[in-house]
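Taking it in order: structure first as structure tokens, then the write-up.
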Amino acid sequence: MASEGILLGMGNPLLDISAVVDDDFLQKYDIKLNNAILAEDKHLPMYDEMASKYTVEFIAGGATQNSIRVAQWMLQIPGATSYIGCIGKDKFGEEMKKNSKEAGVNVHYYEDEAAPTGTCAVCVVGGERSLIANLSAANCYKSEHLKKPENWALVEKAKYFYIAGFFLTVSPESIMLVAEHAATNNKVFMMNLSAPFICEFFKDVQEKALPYMDYVFGNETEARTLAKVHGWETENVEEIALKISQWPKASGTHKRITVITQGADPVVVAEDGKVKLFPVIVLPKEKLVDTNGAGDAFVGGFLSQLVQEKPIEDCVKAGCYAANVIIQRSGCTYPEKPDFS
């Protein structure tokens, strides 16, 4: 049984501003579908334009926070999950706090006085999504906040840690503090490759954290980018997953397991020098609403079983179930109760 505070997530809390847009909008702001990027100056006017031109939904998001919320929903045990990140002191920040409390997650946000709460434009066309994140306050997280006794207590209490790769761009120091704590105390430390740009432009900090990772999550595009960056000369996702799982480890307590999703294709799991493939739940095209948060939901479902020490098959099954629920809804949202068995 999962206990209170067993799972701690740390990342970039972003308020998702989600809307179905059109191709002209994508072209205007040079946006490619199925991509995740950080906002540049040219993207800044698009947030207001989206809000005025399209029907937008505001949803508490950010990759890690999505996964933690989904894990919390699957577990249905109040306060089983905790989350740390930085928001601004503004109406979006208040919206985020309200959203997270309703989800049953124990959030300890660092509130920045100067920067506004981070936002992420979720542009949906034909069920496919593109994410443009304007980190703002999320970019201001400081390890001093983590070291405060009331926040470090969450680290002490947790047995499992999950951090999306996006947080490598913000506070690698915080990541290493948690990673080293996990290795010293035989706890489980997990990260996500998160986006091709992380593997390319944040290679050094990612490499520093890799030896501590007991689980590495990602999708096929991210896996191939990682392989390319490291000169592995293979596009074969199964081979890449194996290579990641065999990367040297900082602690020998847990072996490393690599979990790579491939959209509608089977999930690749590499451990102990072997690869297993798990089919996903096939969804008819007409039922697909929005792929935003599918990968995050998969991880959330997976974690909900992992913290209960269920076998890997059950973890993957729960991940596929959660992703399947999320893609039939707008944004990373879910019904009141899961019906996973």
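Cβ from N, Cα, C; glycine included.
As recorded in TrEMBL:
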type: DOMAIN; residues: 26-335; note: domain 'Carbohydrate kinase PfkB'
type: ACT_SITE; residues: ASP296; note: active site, proton acceptor
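The Cβ of ASP296 (active site, proton acceptor) lies under 8 Å from the Cβ of ALA63, THR64, ASN66, SER67, VAL70, ALA164, CYS332, each of which sits 6+ residues away along the same chain. For the domain 'Carbohydrate kinase PfkB' (26-335), the model's pLDDT averages out at 94.
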